[in-house]
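Notes follow once the structure below has been shown.
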Amino acid sequence: MSEQTITNRQRAEIIHEFLQLAAKQNLRTSIGSFTAIAVLTAIAFNQADQLPAKLWLALALIGQILRISIIYLPRLKVRINILATMRVYQLVAGLVGLIFGAFLMFFPALSEIERSIVTVIFLGLCSGSVANTPGQRAVFMLFATPILVGLSLAWGLTEIANYPEWISLAMVGLILLYTFMLFEMSKNSWQLIQEGYQLRFRDQQQKRLLLQALKEAEDANRSKTRFLAAASHDLRQPLHTISLVSATLGLHHLGEESQRLVKILNEVSMSLSSQLNDLLDISKLDAGIVEAHVQATNISAILSNIYAEFELSIADKGLKTTVNLSSNTKSLTDPQLIHRIFRNLLHNAIKFTDEGSISIDVYDAPSGRHVCVAISDTGRGIALEHQQEIFQEFYQVDNANRDRSQGFGLGLSIVKRLADLLQIKLEMESIPEKGTRFTLSIPVEPDQSASSDENHHSKDDTTLFDLRVLVVDDEEIIRTATELLLETLGCECMSAASSLAALQIATHWKPDIMLADFRLSDGDTGINAAKSLRTLYPDLPIMLISGDTAPDLLQTIRASGFKLLHKPLSLGSLRAELHAAKEHKSTKKIK
């Protein structure tokens, strides 16, 4: 990739990062440079005239000071031109290279051993420069060229006593070959660095474009919401007038033909109103402005009202109905939003069922944590290839001509989004020409779940006698409170503040279940306690208890394989786990 493809701003970023890297590597680079200067100075001081050696040492130290100053300049809180700074750094690199190259004026007077040492030092400095100047080929070439070219000339022009002439020529050739290799390495390093920066800049540009596209999409979404809200208002005004007029006409004694026209007008008005409501709802859901006001809700009562609303429509189509609203368990949900979900599902069931029956069932889930609502029909059903798409907005099965009487195709899309908002599990089963069943699992009210459990289990608490419970918690007040509750329920209880203490108790007192807080003191955890006790009793029921909701912590607990209960622990949940442990104990005895 060519340098022309990099902008000045990007080049400035590369240079800034290079200088930052050079500053980080300065200690290592300085140790090498000053060591080389020290050795070369010692060799130069062996000469009779030491003045040149002193001058060279002074120049070498000045060069290093300049190099270090340029490196640390970007770290100072002053405004600098980074491109100009790099040009100065290149000049300093060339100056340092010339100073090292100037040392070769001593080369003819050196012994063969000293010449070899100087050669090794210079080749080492140039090799290190390749690694210390990544992405800055000019810096390397300005530094290395005077050293390597000077070294080649020094070997070529200096006679070696007691050795044939070809030895000098061979040294020149080897140095030039090594120089070529270093230049190629620098070139390859430069290309790799360039490509790496190009990829990074391209990635940054893509991120900027994506963020811009996301912002535009969000702006468009907000604009759409504002437009639909305004359109809804403007359209509802005349629609409201039409509804009033049609209602007024319906109160008059009209002829049969006029009554038929009024009925059609009413149906069109209701259809338009319903479609406007759908558009407004989907717009609000897209904009994220629908808030769930969760409260204790009687699901059966809501369904009873909705069924009463549609009862005449069901009778007009000659459909049979089965309604089971036996559950009185209150759910924790938004009554208005759940009403909309039920209404859409029942409306669809009636619309797509030409003959047969429709059923509504409300029942408590076996876990006691959910109320389940099933709305079933014996209608047209949905083919497998359409069962994912029907939850997308404006998608309709068997409505290629966009029959307006079938609406906009937003009903199930609204149902899905509202279910997600309310954290309701939505399941669908459908067979073409046989019917469809939608099942919703709605969370129950926590307090009521506890009281419900109390009603179900209060007469069974005697079964908890002789159940041994080991409580592990580092807070004494929690251990005491838990022990009091467990003993009131008829359990035998022991408690510990750490996993080690729990293990010591369990060696002479076998528990039937362990309740362990996840966070214990001094880095200890309930998982440690659980694993320790599982070494003694591999099938011991274990419950971890935590008030944390951090995703990484929950993932850790899930990965451990132990069940988690959240604080505050309800009495109903505790009873359920204790009874499960009692059943586990009884099953083991039978075996």
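Just so you know, glycine gets a Cβ as well, placed from its N, Cα and C.
Bear in mind that the values here come from a model prediction, so they are computed numbers and not experimental data.
Look at TrEMBL and you will find 230-446 tagged as domain 'Histidine kinase'. Summarised as a single figure, the pLDDT of the domain 'Histidine kinase' (230-446) averages 75.
For 468-582, the entry in TrEMBL reads domain 'Response regulatory'.
Under the heading 4-aspartylphosphate, TrEMBL lists Asp517. Annotation for Asp517 (4-aspartylphosphate): spatial neighbours Val472, Asp473, Asp474, Glu475, Ile478, Gly526, Leu544, Ile545, Ser546, criterion Cβ-Cβ under 8 Å with sequence separation of six or more.
The feature transmembrane segment is assigned by TrEMBL to 27-45 (among others).
Residues or ranges marked as transmembrane segment in TrEMBL: 57-76 (among others).
Cβ atoms under 8 Å from those of the transmembrane segment (88-107) belong to residues 19, 36, 40, 43-44, 47, 52-53, 56, 59-60, 63-64, 66-67, 70-71, 115, 118, 122, 125, 133, 138-140, 142-147, 149-151, 153-154, 158 of the same chain, restricted to positions at least 6 beyond its ends. Per TrEMBL, transmembrane segment is recorded for 88-107 (among others).
Marked as transmembrane segment by TrEMBL: 138-157 (among others). Residues 89-91, 93-94, 96-98, 100-101, 104, 107-108, 115, 118-119, 122-123, 125-126, 129-130, 168-169, 171-172, 175-176, 178-179, 182-183, 186 of the same chain lie 6 or more positions beyond the ends of the transmembrane segment (138-157) yet place their CB under 8 Å from a CB of it.
The annotation transmembrane segment is assigned in TrEMBL to 163-183 (among others). Proximity of distant same-chain residues to the transmembrane segment (163-183), defined by a Cβ-Cβ separation under 8 Å and at least 6 residues beyond the stretch ends, is recorded for 119, 123, 126-127, 130, 140-141, 144, 148-149, 151-152, 155-156.
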